[in-house]
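Worksheet: the structure to be examined is printed underneath.
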Amino acid sequence: MTTILTYPFKNLPTASKWALRFSIRPLSCSSQLRAAPAVQTKTKKTLAKPNIRNVVVVDGVRTPFLLSGTSYKDLMPHDLARAALTGLLHRTSVPKEVVDYIIFGTVIQEVKTSNVAREAALGAGFSDKTPAHTVTMACISANQAMTTGVGLIASGQCDVIVAGGVELMSDVPIRHSRKMRKLMLDLNKAKSMGQRLSLISKFRFNFLAPELPAVSEFSTSETMGHSADRLAAAFAVSRLEQDEYALRSHSLAKKAQDEGLLSDVVPFKVPGKDTVTKDNGIRPSSLEQMAKLKPAFIKPYGTVTAANSSFLTDGASAMLIMAEEKALAMGYKPKAYLRDFMYVSQDPKDQLLLGPTYATPKVLEKAGLTMNDIDAFEFHEAFSGQILANFKAMDSDWFAENYMGRKTKVGLPPLEKFNNWGGSLSLGHPFGATGCRLVMAAANRLRKEGGQYGLVAACAAGGQGHAMIVEAYPK
């Protein structure tokens with residue numbers, strides 16, 4: 001099949017028929033900052049399934065999400081993960097000994113703590129008899145941690161799971177070059193002075209050039225920013241639309257922060273520094289200021305900039321998941337049910353960031369729901385262009401038929417229900433921790449707004465995606 005990003009969209013003018021095909025209603029910032037919808041009474045059926053245990057979220061917390069290179073810069077990942085676990089223990093008062101298993105997601109691993117879930121659990125005082133493992137699935141690593149926990153509970157293997165994620169972008173592993181690594185390993189194996197001198201004679205100063213962590217996709221050699229730029233062009237998403245959406249995200253996040261709606265954030269006393277109490281990447285600006293920024297990836301004509309992209313972030317999250325009967329027996333009032341979920345993958349070169357478009361209809365069909373049934377949408381915002389391209393794909397019968405094998409489009413999420421408390425563009429995106437933030441935002445919004453169903457969705461590196469249905473627990 002001809003790739004969507006090369007034909008028929010290259011050199012596409014904004015006023016083309018394709019742009020009209022994929023047009024969406026204007027994203028007026030002022031219209032999207034109105035008060036949240038009035039609390040509404042829902043009478044929809046529950047998604048409980050016969051003979052399958054109900055899995056509930058008791059509560060979840062996260063450290064403040066901070067710009068990398070700020071207050072967390074001297075920490076290690078397990079420090080942040082431990083802080084999230086400690087915050088969860090304080091928030092829920094759950095006895096450590098009842099936790100059956102701990103699962104954390106992370107992406108860029110610190111080699112000293114490759115199983116960061118285990119190290120953080122021990123540091124937080126959990127029993128050394130409590131197993132813990134770490135998963136990685138790019139930006140949906142915490143989602144994978146949660147759904148692994150759901151599977152363990154639903155199958156009867158466990159009753160109580162702690163799932164979460166962590167990322168510390170302030171201190172990523174920087175390696176010696178491969179030639180230098182090989183030389184040092186060979187020197188370590190050398191048995192005589194002659195062998196060592198022979199190896200040392202092969203040393204060259206360029207061996208000392210460091211090997212930085214890869215920022216591009218291994219399979220395509222393209223950065224995610226480049227892919228986002230090409231995707232925005234393919235779907236005729238303008239620079240102005242992207243900036244408007246980013247401004248919306250920051251403005252809504254600031255409003256939510258000021259009103260105390262980001263209740264999942266727990267204070268963290270950074271050793272040797274002050275206590276951090278809130279996210280520090282929320283920065284409402286103006287369209288005029290944002291328009292001054294130059295393209296970050298495809299220069300000089302790209303539309304993805306630092307202002308309409310998520311930023312490198314440090315942070316951790318943790319969530320207490322239980323079998324419903326266990327939670328009630330312990331006296332908890334859960335916040336939400338974790339219902340159906342779906343993982344998808346598609347061509348990483350052509351459709352790297354379209355995971356939500358593919359995952360959403362599958363999880364809705366699995367749950368027997370439609371877009372109209374969803375009261376709170378929480379999508380991961382990697383880039384404004386990524387979100388808006390997904391919107392246009394989801395709202396296109398043509399895309400559904402030609403690329404998804406569907407007869408009708410998925411449908412466009414109503415903006416008045418979408419990421420109402422900000423998103424990754426403004427709150428930050430610690431790769432391994434974002435999934436838990438999304439689920440807790442959906443659960444807390446459902447309680448606040450009186451809705452019943454939330455839809456969480458995210459894209460991920462490698463052309464993968466995830467979607468999950470969250471159902472409010474009856475009050």
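Placed from the backbone N, Cα and C atoms, the Cβ positions cover glycine too.
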Of 174-221, 222-269, 366-413, the range Swiss-Prot labels intramembrane segment: 174-221
Densest Cβ neighbourhood among K292, K362 (modified residues), 10 Å radius: K362
Neighbourhood of K73 (N6-acetyllysine), C-beta criterion under 8 angstroms, separation at least six: S170, D171, D314
From C139, K292, K299, the recorded positions whose CA lies within 10 Å of that of C459 (active site, proton donor/acceptor): C139
K299 (N6-acetyllysine) and H429 (site 'Increases nucleophilicity of active site Cys'), distance between Cα atoms, whole Å: 24
Chain-internal residues near K273 (N6-succinyllysine), provided their CB is under 8 angstroms and they sit 6+ positions away: S71
Close in space, distant in sequence - K299 (N6-acetyllysine), Cβ under 8 Å, 6 or more apart: none
